[in-house]
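The annotation GTP binding site is assigned in TrEMBL to B:47-52, B:66-71, B:H161, B:265-266. Taken from TrEMBL, the feature Mg(2+) binding site applies to B:S51, B:Q69. Annotation comment: TrEMBL describes B:35-246 as domain 'AIG1-type G'.
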Amino acid sequence: MAFYAPGQLLSPNLSPSLSSRTRKSTNATPSASSSAIKCDLSSTPNPQSFKSLSKTLAFSTATGFLFHLSSIPSLISPTCNGTGAGNGDFSGGGDGGGGGWNGGHGDEGFWSRLFSPAAIAKEEESPSQEWDSHGLPANIVVQLSKLSGFKKYKVSDIQFFDRRRWTTVGTEDSFFEMVSLRSGGIYTKAHLQKELESLATCGMFEKVDLEGKTKPDGTLGITISFTESTWQSADTFRCINVGLLPQSKQIEMDADMTDKEKFEYFKSQEKDYRRRIERARPCLLPLPVHREVLGMLREQGKVSARMLQRIRDRVQKWYHDEGYACAQVVNFGNLNTKEVVCEVVEGDITQLVIQFQDKLGNVCEGNTQLAVVRRELPKQLRQGHVFNIEAGKQALRNINSLALFFNIEVNPRPDEKNEGGIIVEIKLKELEQKTAEVSTEWSIVPGRQGRPTLASIQPSGTVSFEHRNLKGLNRSILGSVTTSNFLNPQDDLAFKLEYVHPHLDGVYDPRNCTFRASCFNSRKLSPVFIGGPGVDEVPPIWVDRAGFKANITESFTRQSKFTYGVVMEEITTRDESSHISPNGQRQLPSGGISTDGPPTTLSGTGVDRLAFAQANITRDNTKFVNGAVVGERDVFQLDQGLGIGSKFPFFNRHQLTLTRFIQLKEVEEGAGKPPPPVLVFHGHYGGCVGDLPSYDAFTLGGPYSVRGYNMGELGACRNILELAGELRIPVKNTHVYAFVEHGNDLGSSKDVKGNPTEFYRRMGHGSSYGVGVKLGLVRAEYAVDHNAGTGAVFFRFGERF
Amino acid sequence: MASHLTREWAGIQQFPAATLAKLLELMGKLKQENVSSLTILVMGKGGVGKSSTVNSIIGERVVAVSAFQSEGPRPVMVSRSRAGFTLNIIDTPGLVEGGYVNDQALEIIKRFLLNKTIDVLLYVDRLDAYRVDNLDRQVIKAITDSFGKGIWRRGLVVLTHAQLSPPDGLNYDDFFSRRSEALLKVVRLGARIKKQEFQMVDRVSLLERHHEALECNMDDFSSIMLGLRESLKLFAYTKKQAATMPMLEIAVSINDSAIPVVLVENSGRCNKNDGDEKILPNGTAWIPNLMEIITDVVSNGSKAIVVDQKLIEGPNPNDRGKFLIPFILAFQYFFVVKRIQRAIKDDISKESKPLWELRDMGLANRDF
């Protein structure tokens, strides 16, 4: 089956262990009554199946997110070749369930079963024909013991009756959630007895009774009458972390102990408890919440069961809000003293297990070395730390970014050997190591008369292969060849072969260096040989690059990195008809084409070979504030010629880009909150000293240079300065923006050989301003070209900065 | 056709006696200044009469001229010697093709001129063109870019088709001065001669338009110039007709950069004076006049333009500052890369960690 139970992801099976503890504590301090039920996180009590299902549901809201991440790809497209493993939509943790619904498309039965307990009850009970009528006269009160043990009663109505207040309490009362019975459910006498027993032992009630009332239609109305437990008032509150504390010994209280013995017994119990409190570690609960609870205690004179429930809810809420998904209030101790002690199991991690699974979910030996995975884990997931769901998410994200696994689960489960402990299990399903792919397509090319001819139908496509995770160290080789015509591949062949070697300093070194080597080729239209405004069509020049590149990337943070390496390449400049073209071209008014333009290459032959060193350092501390980018980004890029190649090119080509995203208003962060208005400043300086072939000249104009102009429309120059400002105002779910930009060649166009700026009659500088709106990925903007004074509407993909 | 052989100047004999005498006198004058050869470069747009002018000066039909066809695409050098004095005239193809400066033609000219010395540049245009446009400016700019600003110190503006009847409402002088003024302005713009110089020239021409007695103006003028602390020389070439037709040719020399304007009429129907000399509407015999101005320009103290490889290719911007690259690289490493690295470190230390991480590190102190 393709479905995947999300509950298995994070299922701290805490209830059993906790309930045993509570039993103990009830005994240990007779005054301290505590709760088994309290420890269930689930707020929707179920009939029968409650116990088994509540565990899986317990974290469903919290895990929905994880589920979202890890298993959706495998669910939606089980055949997807793995690159999509966790497409990394990290936002929207709030609606975790959403992913699940999508995933379970074909298995509605399962999901509905999982999410609606009533349905399960029905399903479990229904096979043997509905329910039995009580067979008694209507409207009489029946004690529980008087009910028949063989009948299945249908409960049509449940009421709570508070004996102390002498009122019936509604379903909104906090006690109600402790009862797993639901109206409409079908129960046997044994069920009802068990329910009563669990209510009686939970410590919340001094006395609790269950009565049935017969209804005319054969169903049963149930009234639970109770007396709430109360203790003397307290004025201090203490919260302790009892996780991993060894069980205190259970000394059964003998029924026929003398008073003295009893006194001794209680005394030793108290001593034990005090020691326990002392040994307990301080808990994470912050003082503000602490004070809040204290306020609650002071407000109400007596400590009542409801009161404790509220305290429990408050404390647990804080823990769960902060992501401590495994934290539980397990007990209230020291009741009937001046102090209320809230015992919390915070979820200390006792073990971290990394496990590989095969496609069927069986544990298997993985190819990946564990250290590769381990270095991606935040240290908060290691032994001795408190489990936090955020750490789990981070682990998921980090592991996912390795792109080695198609399914990742981070699964905290209770440690059976170590009470209150959590074992974090990381279950990984590895992607196929070797993949190869051939995709083909036929493109029909218009022929002479615009009609496709047989000869012009070309088979095109891509052949690619990938060998991932070599030696289990995440090294990979990948290659691809793309051509638009397989019959004549030399016409237009794009290839790429890349080797990636991460953890250059060894897997255990904290430095994160990656070595990359690649062979590549590319073909681009040169923006240098572009006409200025009003110039007739300039015959295009294509710049073909083919070469080899090797570099080392050192990542400092997720976004900041330093890359350095060497590039060796051959550059060929071609005209429209793929002939090598050593000079730029110009259309003459007579219709002819003159090839007396600026030289395209350094060598003057149309083919350059050169080797140079390249370095790039990026400092990026931008972050998202409600979806708006805020922060700073600095990039310095350097190409240093080494004097190797045609005409011994020696040059220093450098670019510095500074971008500032300034948040103009403090906003509250959180999902669904509006983003702040942001002011963006952008400056780009580029310069080149030494040999500068045309294909390396800086070009002015274009969506990433000066908006409102075409690529290269303003010129090609040796030194470049671009300045831009943009104001982004959030509107609804998107933002509108206004911008001003200026680009200038600093008079350096004439320092490019052949002065292509002048040759194609371009200005060499230009400004623009305009407004735009972001529509999803597309930017729609109206930009006014300041040189001509005319405006136009543009649609662009992606961000400018 | 391009005869590089230096031939005896036969054509000089054809000139009327007065012209001949004048030419010989000028040659002698040049020889006195140790100038035994003179190279004149003739440039201009197509169809303005460059080749005809060359023919007129030499007095022979050395370059083919056709009324409707553009001249040959290659430059031609004509060399003539007379009495130990050599005159080289280089005729060039028109610089304009299809409304644009023909860079290819310019390239050919430059290559042709390689290793030659240019003494004088004749920038030829027509007098009977009424307006100047951007194209003129670009032609000038192309010439300036090719040979440097210095060429204009050795430059003359030659206006052909001088024998014309000006449009209604203008007398010949007015027309001429306006035309030359406009053209000079373009030359100055195109050649990027300093604005200051340009303004001075403007003032000079302004003064001259009201042709009062030159002397009195001279005083005013020099006082202005003195005020500007600029050395200035003003030449006025006046002929015997100067009384009736003043300001035939104006040459303003400021900071040794003088661009005289000379009129030329190559047509066979050109009026002639008693001595059979070709004369302008104002009565000047233009060939001796032209030669005289050329002689003056040559002896104005400026340097001749030597065309070498460097001049043709221009200063190679790719070579500029190359030796600085190691220093630039060091600077970049220590002041840019290191700085950004430090900023990254700062970022890491300043990074706001989520609360749960802080709590885990024991930094929370139960405050949050």
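Backbone N, Cα and C define each Cβ position, glycine as well.
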Count of other CB atoms lying within 10 Å of the CB belonging to B:S51 (GTP binding site): 26
Cβ atoms near B:N266 (GTP binding site) (within 10 Å, other residues, all chains): 21
Among B:G47, B:H161, the one of these binding-site residues whose Cβ has the fewest neighbouring Cβ atoms within 10 Å: B:G47
Where B:N266 (GTP binding site) falls in three-state DSSP terms: coil
Structural state of B:G49 (GTP binding site), classified by DSSP into three states: coil
